[in-house]
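Colleague: Pasting in a structure now, in structure tokens, and then I'll have a few things to ask.
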Amino acid sequence: MMPERIILAYSGGLDTSVAINWIGKETSHEVVAVVIDLGQGGEDMEVVRQRALDCGAVEAIVVDARDEFAEGYCLPTVLNNALYMDRYPLVSAISRPLIVKHLVAAARAHGGSIVAHGCTGKGNDQVRFEVGFASLAPDLEILAPVRDYAWTREKAIAFAEENAIPINVTKRSPFSIDQNVWGRAVETGFLEHLWHAPTKEVYSYTDDPTINWNTPDEVIVGFEHGVPVSIDGSPVSMLGAIEALNRRAGAQGVGRLDVVEDRLVGIKSREIYEAPGAMVLITAHAELEHVTLERELGRFKRQTDRRWAELVYDGLWYSPLKTALESFVAATQQHVTGEVRMVLHGGHIAVNGRRSAESLYDFNLATYDEGDTFDQSAARGFVYVYGLPSKLAARRDLR
């Protein structure tokens, strides 16, 4: 009889490296490790694949999903100007549904009836993975050894040392890091103390904002129907736009975020994020919407932007509400075409120019100089009618 196969989402890090070895010892099941290349950089994917085999996986598969991630997951984040709690551009959250998709495909291809992840019981990712599996493949069983067997980082490190698992994490450098082309997330260690400032070794995607203080970088991002299509006039793919802006904005220290966020499980958590390209693209897209969207549409979309970010953060990528919101957002992007110019400097993004053939900005109506076509004589009656409800309420309250 063939051994049962477990399909594991493998990152190459501590928890999933330990999980391969532990699953083999405790269950006698075979592990197929699935590595998803989301443009995380760092180690070569072949090195990560070989580590999975060295840890005991019977097979290790690398899926190049960089373009798919950029087009299908990062782009919607831009279209929705998605910042959870008005700050976090969903660096990790948007990657989980794509990983789920490829794990389900691997389970079907390799005859696995169990999928596994290395998430803890305190984080959001357990929800994102398992709700995703329930949405795409409710027949699959789920194994979560880190959560279900209460592994701590100390226990995982000890297990790795005892079993000669090839992973370089020690108690002296206990950061938990998740990264992809959209950004980088760092947590645990001394960062769990809210008063401790992050030190330079925490950062990787961004330089010290003071290094290039004398050489600010001006960049123009072009959009067609909300989609980034050019940088400084040169055509780019979505992946190319992210990568180019990661380099340029990262060199200016742009995209560093020190956030205390409300996790889905009910606790607050401190995270350090680096998302230079993401923050530039979201800033530019939102600015172009200010120019091209009618006032009421813009107001309402800002509400749906926030709700979309919350749904994705909370692991509801496949929810009917998110799908419906995206249909609405697609309709809003018809006129979001044009260019936004920004200066990247000292860790900040400063918009200093916008232009669009679809602009609702009318110079002749807006100017205070000669040539003003705004009929100011109409304002008196408008103000009277507009303020009438407040006037009536105030008169009543003074009785």
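Indices start at 1 and increase along the chain as displayed.
Cβ atoms here come from the backbone N, Cα and C positions, even for glycine.
Residues or ranges marked as ATP binding site in Swiss-Prot: Ala9, Tyr10, Ser11, Gly12, Gly13, Leu14, Asp15, Thr16, Ser17, Gly118. Swiss-Prot lists Tyr88, Asn124, Arg128, Ser176, Glu261, Tyr273 with the feature L-citrulline binding site, giving sequence analysis as the kind of evidence. Annotated L-aspartate binding site per Swiss-Prot: Thr120, Asn124, Asp125, in sequence order.
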Colleague: How many neighbouring Cβ atoms, not counting its own, are there within 10 Å of the Cβ of Tyr88 (L-citrulline binding site)?
Modeller: 22
Colleague: Specify all same-chain residues, apart from the site residues Ala9, Tyr10, Ser11, Gly12, Gly13, Leu14, Asp15, Thr16, Ser17, Gly118, whose Cβ lies within 8 angstroms of the center of the Cβ atoms of the ATP site, ordered by sequence.
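Modeller: Once Ala9, Tyr10, Ser11, Gly12, Gly13, Leu14, Asp15, Thr16, Ser17, Gly118 are set aside, the remaining close residues are Val18, Ala19.
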Colleague: Would you mind reading off the Cα separation of Ser176 (L-citrulline binding site) from Ser17 (ATP binding site), to the nearest angstrom?
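Modeller: Computed Cα spacing between Ser176 (L-citrulline binding site) and Ser17 (ATP binding site) is 14 Å.
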Colleague: Given Ala9 (ATP binding site) and Asp125 (L-aspartate binding site), what distance in Å do their CA atoms have, once rounded to a whole number?
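Modeller: The Cα atom of Ala9 (ATP binding site) is 12 Å away from the Cα atom of Asp125 (L-aspartate binding site).
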Colleague: Determine which residues of this chain, when Thr120, Asn124, Asp125 are set aside, have a Cβ within 8 Å of the centroid of the L-aspartate site's Cβ atoms, and list them as they appear in the sequence.
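Modeller: Not counting the recorded site residues, we get Cys119, Lys122, Gly123, Gln126, Val127, Arg128, Arg263, Val265.
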Colleague: What are the non-local neighbours of Ser11 (ATP binding site), defined as same-chain residues 6+ apart in sequence with CB under 8 A from its CB?
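Modeller: Those within reach of Ser11 (ATP binding site), by Cβ under 8 Å and sequence separation of 6 or more, are Val35, Gly118, Asp178.
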Colleague: Neighbour count, 10 Å Cβ-Cβ cut-off, for Asp15 (ATP binding site): what number do you get?
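Modeller: Other Cβ atoms found within 10 Å: 23.
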Colleague: Taking the Cβ of Tyr273 (L-citrulline binding site) as the centre, how many other Cβ atoms fall within a 10 Å radius?
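Modeller: For Tyr273 (L-citrulline binding site), the count of other Cβ atoms within 10 Å is 26.
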Colleague: Looking at the binding-site residues Asn124, Asp125, Arg128, Glu261, which has the shortest Cα distance to Ser17 (ATP binding site)?
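Modeller: Its closest listed neighbour, by Cα, is Asp125.
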Colleague: So, in DSSP terms, is Asn124 (L-citrulline binding site) helix, strand, or coil?
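Modeller: DSSP call for Asn124 (L-citrulline binding site): coil, neither helix nor strand.
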